[in-house]
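**Student:** One structure, pasted below without further comment.
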Amino acid sequence: LVSRLFLPFELAAFASLPLLNEKAYTSASFKRIISEYPRVVVNVASAAVESYSDFVKEFDMAVDWEICESGKALYKLQNEQADALYVVLSGRLRSVLTREPGTREVLNEHGRGDVVGLVEIWTLRRRSTSVIAIRDTELCKIYATLMNFIKSKHPQVLSNIIRLLGRCIIEQQQQTISAVHREPLAHVSNLNTIAVIAVSDEVPLTGFTVELWNALNSITPTELFSSYTLQDMLGPTALDKVNEYQIITWLNQQEDSNSIVLYQCDVELTTFTSLCIRRADCILIVANGEQEPMVGEIEKELENLTVRAQKELILLWHDSTDRPRRTAEWLDLHGWVSSHYHVRFRDRVFRQRNPKRMLRYKERIIRRYDNRYTDIARLARALTSTSIGIVLGGGGARGAAHVGIIKALKDHGIPVDIVAGVSIGAFVGGMYCLDSDVPKLIMCAKQAFKEAASFWARLFDLTYPVSALFTGKALNRLLKSVFNDVEIEDLWIPYFNVTTDITSSEMRVHRSGKLWRFTRASMSYIGILPPLCDPIDGHYLVDGCYMNNLPGTLWRYCRASMSLAGFVPPIFDLTDEHLLLDGGYVNNLPADVMRSLGVRTVIAVDVGALTETEFTNYGDSLSGWWALWKKYNPWASPVRVMSMAEIQSRLAYVSCVRQLEEVKKAPYCHYVRPPIDKYQTFDFNLFDEIFNVGYWHGKTLFEEWKSSGKLQEGFAFTSAQSFTDLAAMVSKIHRPFETSLDEISEEEGDDRIPLDLVHSAGSSSSKMYWNNNLIMSGQRVVISRDDVDLFDKLLEKSGCAKQHYVLQECYAEHKDWRKCKKEIDEFRKCMKVEDRTQSADDR
């Protein structure tokens, strides 16, 4: 090896180095050699190239390695013939669809490891979108002719390419959901770099970034850099102009070795701040919510820097704050942000400490985030696309089960990062997002149900049924007493509800405005409540269940979401003067809308009435007199025939029922249906009974999820695929691990858990390394990312899911398998890895 790396005249000098006496050369040893003899790098590269196979050399000659500068188009002509696909090595791209001249819609963003243009190449279609670079992006361009060459020379890769192609097609189908909604949806996914800037120097930026770094690090490996830390690590001149190339190369290496890199920008627009903003996939704009709304100096310069990365507004609050205020004013001033988050901190974060000291000792001064319910933990899950959302469907008094399900979620340690509601679900969800204290939620919901069950309140609200049986004043008064003047933007937990816009005949998703109003609109059931008029466009809104039963001022939108047609009149939206009705008419369980917002795990709770399917077969014609005789004749056999009102009601729910069936089959959705079929829509006096049914059903169900390891799916982070990951997905070449346990040094930081598998008498043992949900083995059992289902079936068959979950929790806590020896032994014992009575496959 030495003779290959050094020229003859260098060998004499090298022989005197103490490195020759080492038994094994480590990374540190090699770096010491390079520092003494930089020429070694050239010799090593030459030796490496000689070891490449002919196919690798052919591939390297056929592909192009390109850099697409920020703001430039990778390809900008839709319907042009596709001649190549692209693999994102670093940076970020954005797919844009031009529907009409001057009208563009963002469909998706592509981060490190994503493949762009695969569907068009493989299906011989023209480009369907335009793609531009959000930041400087390194790409590997693979031509269609090269793909054809690979197919012909290595046909065994076809099945794996088809699997990858299927994933791309499914993602494109999911993107079509955004076309239904009137607002642009978030595309925060597969982020690699996040820049954090402050609106003013009064923002405790260092305290926030350290807390965020700690929360992100509990999900996936994350590194935090600031101008202070870079100068500490690379020297005081690291940020000088002459060292720009070296610092960019070094940062590229850091981004490649960490799932997420967090850049804390300076308060002013320095060279380092500009560098961070240019490299950011997402920019967090941090402000103190208790201060006067304002725009920061750095924000004003973003337009000059041609920054196209997605921007999020973070408002900081003291933990003693009862609820946020004036969020709408902040959003009006920051019209370029995609979404916003409210984050509460203790006073220690707001104290201005020495930022250099905090960053230098961040590992010591911040403890691990075991509390999944903190606002910063919720933000970390949103940035890593591991959020958990709950969708609360409509169903009248059966909605008391929603409160029980929420309590069961809390008892089992399942956090809720975003809430969607329709009809009664909009009401319960709004109360929970206003104050996530479950005992307070139960008390408020019980009191509200008691008022809704009042006979006198219903009696005095009756009116001549022009549009509905009730005026809606009683419900408005109830919602205003619960929500007051709260805006949807001021809720601690992100929230939206769904209504039916009967003015424009479409589904409406409400993420801003008066909460009471759009909750009322989402509860406007036909015949019960009149539609609500949207104050913006004057459209009539009704219960969203007519289009999607699972999905401004808070009380107003809650009232709109509860406008059951025929009972309470629709309610006007003051922003557009549209009439709004109960959202259940269009989408009574809007899990698809929740998914389109980037939520990974969706728990959809359905409390709607079951659809009756048993009717009398009366032949090809029906006499109303015959049906009337059968109904009132005590001696005639009963018949079941739908009335005109029932037929109209069924027609109103056609799209909702179809949507519900799609939700049940969706892989991302965990469908929950409590046993509440015997309860009626207006059984508001049975709150305690229905609540207990929902709670005990949720408790039993979530315990099953926990024992089977299903709960862990919501917290598992899937890192971005590297170029070598994509190659492994196609080639599927698995080699055994030759490394023994003793060879894994603590200094190398290997975080794999070794599990000895003894196959059969006379066979050698192999090491199976387990890292989160990924199992890799040298011989018998090889479970890759594509074969996780096989591992789940193996766990289910063995009955060891509980031990597997305990082992995962231990490793997640300690990040060191040596501290989980007891859990490893329990898992091995349960799996019977040394039981030779088993078949080889089971072992």
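Placed from the backbone N, Cα and C atoms, the Cβ positions cover glycine too.
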**Student:** Please find, within the list 96-100, 421-425, 481-485, 831-835, the residue stretch that TrEMBL describes as motif 'GXSXG'.
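**Tutor:** My reading of TrEMBL: the motif 'GXSXG' range is 421-425.
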**Student:** Looking at the ranges 172-177, 394-399, 616-621, 784-789, which is given as motif 'GXGXXG' in TrEMBL?
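**Tutor:** It is 394-399 that TrEMBL describes as motif 'GXGXXG'.
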**Student:** Over the span of the domain 'PNPLA' (390-556), how high is the average pLDDT in this prediction?
**Tutor:** 81
**Student:** Translate the DSSP assignment of SER423 (active site, nucleophile) into the three-state scheme.
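**Tutor:** Going by the DSSP assignment, SER423 (active site, nucleophile) belongs to neither helix nor strand, so it counts as coil.
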**Student:** Counting by DSSP secondary structure, give me helix, strand and coil numbers for the domain 'Cyclic nucleotide-binding' (78-142).
**Tutor:** 6 helix, 37 strand, 22 coil
